[in-house]
Amino acid sequence: MNIFQDWPEPIVRVQSLSESNLGAIPNRYVKPLSQRPNITPHNKHNPQTTTIPIIDLGRLYTDDLTLQAKTLDEISKACRELGFFQVVNHGMSPQLMDQAKATWREFFNLPMELKNMHANSPKTYEGYGSRLGVEKGAILDWSDYYYLHYQPSSLKDYTKWPSLPLHCREILEDYCKEMVKLCENLMKILSKNLGLQEDRLQNAFGGKEESGGCLRVNYYPKCPQPELTLGISPHSDPGGLTILLPDEQVASLQVRGSDDAWITVEPAPHAFIVNMGDQIQMLSNSIYKSVEHRVIVNPENERLSLAFFYNPKGNVPIEPLKELVTVDSPALYSSTTYDRYRQFIRTQGPRSKCHIDELKSPR
């Protein structure tokens, strides 16, 4: 249960700051030197990018067993090493993907008084927001967002969904329905690649009907000093599985590589970016990795992305699956629940991987 009913300070919309044509960003968005992105006058408009694995899910449904095995192996390797990969032929039509992004661009272009009708609070975070965490005086990120629940049905509240633009709720319903299908499919693949029954991870989440599904739409306005701030600070996702529909025009998602360098991801056309969350890392006993990532901002272009989070039921125990714990591979994490776990980011905001590290079992 979240004890926080309201934000500790008045909320300022980053979009309003950006549209005021200020020459310098307010101090509360300026990151400490150690956290600032490596953006110079030479690369701040077009950061150097790299491609993370692009996996064709359609190859899993051919008659070619060798190709199926190769595809499963590619997914397994990505989950174990980088924690991120892109998927194409994932089952959602390009038209629906484009429609969803266009609808949310319309929402963020609405007059501020209409958007503020959906202003959120730290009690549930549902609605239109501009900060994560409730620490007074915290350094904030350069972004606004909209957060809503899709499942389980007990948490789904259409009154918390935007009513404008027209047909927004219908498009959201179609989009989230397809997202759940993709997540359920990926959960089967992840289970099989661990040598488990294909429903094992899903059951560990509490089953299909009780697993959580929520959408966070991120809006990153133009920023006059992108070298001083971040759209989202470094963090690993606290939930289970994240499916990101990125902005193909503005590359800004960065993933921390094995050498600790930040890799800017080049989105593939009409692909989703998939990453493991902390709950999957714990259930897999760290076989699968949830990896730190962050978002840089741009002086000339705003960016919009849709992140769908697929999470365990809030009160089910989350701990390394017994099938993956042996004498040689003891349990690396103590038991928790997702409800307890996510209070960390809801109170303190994005903080690297410090929370999952706190749950490591003493050796």
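Backbone N, Cα and C atoms are what each Cβ position is placed from, and that goes for glycine too.
Annotation comment: Swiss-Prot describes 210-312 as domain 'Fe2OG dioxygenase'.
Feature annotation from Swiss-Prot assigns jasmonate binding site to R216, R342, R346. R216 (jasmonate binding site) falls within a strand when secondary structure is assigned with DSSP.
As annotated by Swiss-Prot, 2-oxoglutarate binding site applies to N218, Y220, R303, S305. Counting every protein chain shown, 22 other Cβ atoms lie within 10 Å of the Cβ of R303 (2-oxoglutarate binding site).
Look at Swiss-Prot and you will find H235, D237, H293 tagged as Fe cation binding site, backed by sequence analysis. The C-beta environment of H293 (Fe cation binding site), restricted to residues of the same chain at least 6 apart in sequence and closer than 8 Å, consists of F84, P234, H235, S236, L253, Q254, V255, R256, N275. In this structure, H293 (Fe cation binding site) is part of a beta strand by DSSP.
Among the binding-site residues D237, R303, S305, the ones whose Cα sits within 10 Å of the Cα of R216 (jasmonate binding site) are S305. Across the structure, Y220 (2-oxoglutarate binding site) and R342 (jasmonate binding site) are spaced 23 Å apart at their Cα atoms.
The average pLDDT for the domain 'Fe2OG dioxygenase' (210-312) in the predicted structure is 95. Between S305 (2-oxoglutarate binding site) and R342 (jasmonate binding site), the C-alpha separation comes to 21 Å. Distance between Cα atoms for R342 (jasmonate binding site) and R303 (2-oxoglutarate binding site): 26 Å, as a whole number. Secondary structure by DSSP for the domain 'Fe2OG dioxygenase' (210-312): 6 helix, 43 strand, 54 coil.
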